[in-house]
Amino acid sequence: AQACQTFELHQPQNKVSVAVGEMLTLRCTTSGIAAPGPVRWLKGLCSGNETVYDQRDKDPSLRVTRAVAESNTDFTIHIRNVQPNDAGTYYCVKFLKDKTGEDKMCHCGNGTEVSVHETALTPGVVAAAVVLCFLLLLLGLCVALCLYRRKRQGRAGSLCPARTVAVGSFSSVPLQCCAGTPGTPSEVLDAEISHLPSQQSSKEENDIHYADLQPLPPAPRRGRSPGTAPTEYASLRVAAK
C-alpha cells in the first residue's frame, strides 16, 4: 500500500479516433518509486479485460511495440494495422507482486476510449481519381473517333467511279476503275466482257463475233521516225467446244 501511494501513473488521452489500417498510439508515463511488478495495457477492466501489452512479455507478431524501448518511466505503446475490433477502452495498469508471487493491481490509469472508423478519402485521392476518370474518358473518345474515321475511309474506298468505253459499233459497256487497282484498258475490257451474260444457245457460243473497229486518228508524237504509221490491235475470243 505504501509503494502504491508513492507511485503515480499518468494516462493523458481520454479519447482517440483512428482509421482502419493506421497505427494507434496510447500514451502512459509513470513517476515516483516503482515497486516490483510489471506495467500492462489492458483492454477493458474486471473480468472482461484483455491484455494488450505486458512489460515482461514481447508480442511475437510485433503488432504492439514500445515507443521507448527498455524505459522504466515511459510505457507508451504503438498498435499497428488497427482493425474495427480494436475499438474499446484501454487502461495502463501498474501491478505489484504480493508475498504469494501473484500480481495485484496497484495503480490504474483513467482509460483511453478508442474509436475506429473507415479510411476517409483525402482531397489528394479524390483529385487523382477525377483526373484518372477524365483521362479514361478522353482515351475512349479518341478510340471511338479513330474507329469512325477508319469506317468512313473504308466506305469511301469501296465506291468506284463508273466509266463507259465504246467498242466499235457495239453499245457502250460500263467499266469500273477503282483506286488502288490500276490496269490497262484491254485488261479492264476483258474483265468486264468476262462478266457479261452468256448466250442462251450453245451454237451462238461457238460462233466468232467480229467488232467493227474504227481506226483511231494518228496522234502526234515526238521522236517518231518518218514513214511510221500507227498500228491498231484487235483481240478475238472463241469459246471452247
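Cβ atoms are placed via backbone N, Cα and C, with glycine included.
For 5-92, the entry in TrEMBL reads domain 'Ig-like'. The feature region 'Disordered' is assigned by TrEMBL to 196-241. Marked as transmembrane segment by TrEMBL: 125-148.
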For the domain 'Ig-like' (5-92), the number of residues DSSP places in helix, strand and coil: 7 helix, 39 strand, 42 coil
Average pLDDT across the domain 'Ig-like' (5-92), rounded to a whole number: 90
